[in-house]
Amino acid sequence: MDQPTSRSSRELTESRFTSPASALTQPSTTPIILSMSEKPLQPSSDSDIERTDKEEAGAEDEGSTAAEQEEAEEEYIEGLKLMLVLAALTLTVFLMMLDMSIITTAVPEITTAFNSLSDVGWYGAAYSLCGAALQPLAGKLYTHRHSKEIFLAFLFVFEAGSLICALSNSSTLFIIGRAVSGMGSGGLFNGALTIIGATVPLEKRPLIIGIMIGISNIGIVAGPLVGGALTQYTTWRWYTGFYINLPIGALTAAMLFLIHIPSKITKPVSFLQIPRYLDLPGFTLFAPAAIMFLLALQFGGNDYSWDSSVVIGLFVGAAVTAGLFIYWEHREGDEKAMIPLGLFKNRIVLTSSLVGALNMSITQVSSYYIPMYFQSVKGETPFRGGVHFLPTIIAQLVFAVASGALVGRLGYYLPWAVLGSVLSAIGNGLISTWDPSTDSAKWIGYQVLLGAGRGACMQMHIIAVQANIPPATLSVSMAMLVFMQTFGGAVFLTAGEVIFSEGLGKNLAKYAPAVNVKTVLAAGGTGFRTVVPEGDLPGVLVAYSKSIGEVFYLMVGIGGLAFILSWGMGLVDIRKKKGGKKGDV
């Protein structure tokens, strides 16, 4: 397809269409890094390679006196304190999701206020690029300092970015605010899981993590609901949504500040000494590699054609810099490297990272194109489109909590990872059949099936890594897992956009041959109704629904691949056995 068509499609999917989960604004991917707070299934003195060999051989974990004594001496919180900590962490992650989704509703007003339609892509990209680049570095910080103080520092940066956005009087300043918020987000979700790791025993974490992730994901749909309500039913302006973050952030900070959070770091590194432990040379290679790759995905087919010198140059630059980064990490060795290469020899870490990336891709892509169906094909407002997306979110919440509770009781996470992948694949396949005449029973039922799949496996890759990694490598293992989620989400969101763009041009020519394709694309995902003759509108709606369905074919394939890879996550009983051990089957 020629360049103007590609650009028009980008305007369709970013500037004209508002969805609960914008394409590149969801580093959904948000970082998930845990500190040295987990108890391994084997002595912490075992090396990664020794651990991997035992896993591959199916050997049982015999434990050790030292490990059992360490577990017996663990300090956990419970009761009201635990409830308050969980509430604070859930609110924080909810704010991240709300911040990422509310901007999609605010984009039309922002571009009008700043006359900045050409900057739309950067409103999401600035956030995601900064968040992705800081993920491994945040993991190192949580390894060497108390988790609460690092978490509060990242929360302060995140809130500062929201304040800058709210006070912005230009598009440039708004983009700076989004970048600052992205930097803050780079250490929040991982920090939340770090704190959970320090306050909750392993066998209870699936339920706690399921509650936190399930409830916080309501922010995906709450953004359009809140944004739509503010713009449609009040006189408040677009920046009000960013002010909402501030008092809630202050409340969560106060709750955490007043509660003692156990720490597994017996001797924190002083702030002046931290740079010596962060592998800053590795970071200066990793960050530009990640940014160049994500920029290439951002520009490709939109601002520039895929075969342009800019896009090719970014991909080449990312590959070269990544090669230098890998060489440097190998030279530093696993003890000093920001991302120890030895992690890739651990089957469970590797497969869990891949499964997490695939599941996050399903979550992000479906959260973008389901609301698009309701707004473009069904003609709903962003507010009502968000309401119609609730079946997915509610089913996801229910199954995330239920699966977490059952993993804690029954002990095994693998069945839920497999089941979730199967349900996701089936749900995506059924959603691909939607057309303009699909009734509410089908679009509700199919969403429930997809949401159940998303929820059932949502936290299982996290639990798999926690249950099988010695404390010394846990934090960086989770950093790699989270970057894989960001990477996978960016790749498949771009793939989905290419499939939709190409499919829409083809389907318009097939089902509405009388209309001008470029005119329809330029009008956007809802504006096309004003430029298409009434007699041609049914064909255009069919073309839109068919093109969206083709994106969900991709999601079916991703679900199938996640199903296959899930079997490599290990069949491990995380329950605490008599004598203080956990069983490995």
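The backbone N, Cα and C atoms fix where each Cβ goes, glycine too.
Among the features that TrEMBL reports, compositional bias 'Basic and acidic residues' is placed at 48-57.
Residues or ranges marked as domain 'Major facilitator superfamily (MFS) profile' by TrEMBL: 85-574.
Look at TrEMBL and you will find 1-72 tagged as region 'Disordered'.
As annotated by TrEMBL, transmembrane segment applies to 82-108 (among others).
Among the features that TrEMBL reports, transmembrane segment is placed at 120-138 (among others).
What TrEMBL records for 150-169 (among others) is transmembrane segment. Sequence-distant contacts of the transmembrane segment (150-169) (same chain, at least 6 residues past either end, Cβ-Cβ under 8 Å): 92, 95-96, 99, 138, 141-142, 176-188, 191-192, 194-195, 239-240, 242-243, 245-246, 249-250, 252-253, 256-257.
For 175-200 (among others), the entry in TrEMBL reads transmembrane segment.
According to TrEMBL, the transmembrane segment annotation covers 207-226 (among others).
Taking Cβ pairs closer than 8 Å, the transmembrane segment (238-259) reaches residues 77, 81, 84-85, 87-89, 91-92, 95, 98-99, 102-103, 105-106, 109-110, 113, 148, 151-152, 155-156, 158-159, 162-163, 165-168, 177, 195, 223, 226-227, 230-231 in its own chain, all 6 or more past its ends. For 238-259 (among others), the entry in TrEMBL reads transmembrane segment.
Feature annotation from TrEMBL assigns transmembrane segment to 280-299 (among others). Tertiary proximity for the transmembrane segment (280-299) is limited to same-chain residues at least six positions away from its ends with a CB under 8 Å from its CB atoms, namely 24, 121, 125, 128-129, 132-134, 136-137, 308, 310-311, 314-315, 317-318, 321-322, 324-325, 328-329, 332, 337-339, 483, 487, 490-491, 494.
Here TrEMBL flags 311-328 (among others) as transmembrane segment.
The transmembrane segment feature in TrEMBL is assigned to 389-407 (among others). Outside the transmembrane segment (389-407) by six or more residues, the chain places 20, 206-211, 213-215, 217-218, 220-221, 366-367, 370-371, 374, 413, 416, 420, 443-444, 447-460, 463, 574 with a CB less than 8 A from a CB of the stretch.
Annotation comment: TrEMBL describes 414-431 (among others) as transmembrane segment.
Per TrEMBL, the feature transmembrane segment maps to 476-500 (among others).
What TrEMBL records for 551-572 (among others) is transmembrane segment.
Outside the transmembrane segment (175-200) by six or more residues, the chain places 27, 30-35, 37-38, 76-77, 82, 85-86, 89, 92-93, 96, 99, 103, 119, 122-124, 126-135, 137-139, 141-142, 147-148, 150-151, 153-166, 168, 208-209, 212, 242, 256, 261-264, 462, 466, 474-475, 478-479, 482 with a CB less than 8 A from a CB of the stretch.
Looking at 207-226, 476-500, 551-572, the range that has the most CB pairs within less than 8 A of the transmembrane segment (414-431) turns out to be 551-572.
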